[in-house]
Amino acid sequence: MNDALKTYLTGIGWFLLSLVSSSANDVISKYLGTRLHSFEVAFFRFFFSSIVLLPFVVYYGKNTLKTSRPFVHILRGLLLFFGMTSWTYGLTIAPVTTATVVSFSIPLFTLILAVFFLNENIIWPRWVVTVVGFIGLVVTLKPHAEDFNPEILYFVLAAISFAMLDIINKKFVIKESMISMLFYSAIVTAIVSLPVASQYWLTPSSFELALLFVLGSSGSLILFFLLKAFSMVDATATAPYRYLELVISVIAAYFIFNEFPDKSTLHGAVIIIPTTLFIIYSEKKAMNRKHESQ
């Protein structure tokens, strides 16, 4: 095995670990959400996340927390609160695999928001595949079905929140340290969550606290896995593997919750996956052309 192939496989391995962690988060959130309110889950998740990040703050020094954009961190925290509480609540009323397929639609929302907030010019083929992608989202959510539950739209609200976070990250992440972005967002989200969580408070059991700690620490762990992966392979090289998360979710949901995706979820995935792949690769080409022209 040559060095290039070894580096590629190692990078993909790190990326797959991030997918496993992400699926585990959804499973844990769904399990916790059956008893604890999504506001309380969000509070503990980000409270523990901020605790886990403290050793890194000490290691890198207090200068790593210096920021010239406090309002950006507050905005990220508010979006995280809204996104994660909506996502956790959605998991309590819909299968894990439905959540996974909806998460694949986030690049579609990001593309639209980029037009308004980043002044990006979008070529017409990307608009076409975006429309097709949203058709896939409609197929997944089945708003036309007799048993349609409108509360499943919380997933869509969460996806929009996460897309807005992507826009903010694109604009500001290169100007702030990663530790400060993670730490301040976790602190703000925990603070915002606490007052509303107290209205629905149920004291977690020891086992639930352990799961909440795992949930809080895994967010940073996912980022670590992704950074390791992207240090070895290009982000577009990992794109096709992103959709293995659906396979992981199907297996986990079946064995833990006895869930299996319905035909609409699978049909929606078949539509959404190629459209988002097209967007990812076309964005990469656009970035390459931009760098070549500079």
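A Cβ is built for glycine as well, from the same backbone N, Cα and C atoms used for every other residue.
Listed features, source Swiss-Prot:
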{"type": "TRANSMEM", "residues": "8-28", "note": "transmembrane segment"}
{"type": "DOMAIN", "residues": "21-141", "note": "domain 'EamA 1'"}
{"type": "TRANSMEM", "residues": "41-61", "note": "transmembrane segment"}
{"type": "TRANSMEM", "residues": "74-91", "note": "transmembrane segment"}
{"type": "TRANSMEM", "residues": "98-118", "note": "transmembrane segment"}
{"type": "TRANSMEM", "residues": "121-141", "note": "transmembrane segment"}
{"type": "TRANSMEM", "residues": "148-168", "note": "transmembrane segment"}
{"type": "DOMAIN", "residues": "160-280", "note": "domain 'EamA 2'"}
{"type": "TRANSMEM", "residues": "177-197", "note": "transmembrane segment"}
{"type": "TRANSMEM", "residues": "207-227", "note": "transmembrane segment"}
{"type": "TRANSMEM", "residues": "237-257", "note": "transmembrane segment"}
{"type": "TRANSMEM", "residues": "260-280", "note": "transmembrane segment"}
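Counting same-chain residues at least six beyond the ends of the transmembrane segment (8-28), those with a Cβ under 8 angstroms from any Cβ of the stretch are 1, 91, 96, 99-100, 211, 214-215, 218-219, 221-222, 225-226, 228-233, 237-238, 241-242, 244-245, 248-249, 252-253, 256-257.
Counted over residue pairs separated by six or more positions, the transmembrane segment (260-280) shares at least 3 Cβ pairs under 8 angstroms with the transmembrane segment (121-141), which defines the two as touching. For the transmembrane segment (148-168), the list of distant contacts is 72, 75-76, 79-80, 82-84, 86-87, 89-90, 93-94, 98-99, 102-103, 105-107, 109-110, 112-114, 117-118, 137, 141-142: same-chain residues at least six beyond its ends, Cβ to Cβ under 8 Å. Counting residue by residue with DSSP, the domain 'EamA 2' (160-280) contains 103 helix, 0 strand, 18 coil. Just going by CB pairs under 8 A, the stretch in 41-61, 177-197, 207-227, 237-257 that sits most against the transmembrane segment (74-91) is 177-197. The highest tally of CB pairs under 8 A with the transmembrane segment (207-227), across 41-61, 98-118, 121-141, 177-197, is held by 41-61. The transmembrane segment (237-257) and the transmembrane segment (98-118) are in contact, since at least 3 Cβ pairs between them lie under 8 Å (pairs 6 or more apart in sequence). Counting same-chain residues at least six beyond the ends of the transmembrane segment (121-141), those with a Cβ under 8 angstroms from any Cβ of the stretch are 98, 101-102, 105, 108, 111-112, 114-115, 148, 152-153, 155-156, 264-265, 267-272, 274-276, 278-279, 282.
Tertiary neighbourhood of the transmembrane segment (98-118): same-chain residues 23, 26, 87, 90-91, 126, 130, 133-134, 136-137, 140-141, 152, 155-156, 158-160, 162-164, 166-167, 170-171, 242-243, 245-246, 249, 261, 265, 268-269, 272-273, 275-276, 279-280, selected by CB-CB distance under 8 Å and a gap of 6+ residues from either end. According to DSSP, the domain 'EamA 1' (21-141) comprises 102 helix, 0 strand, 19 coil.
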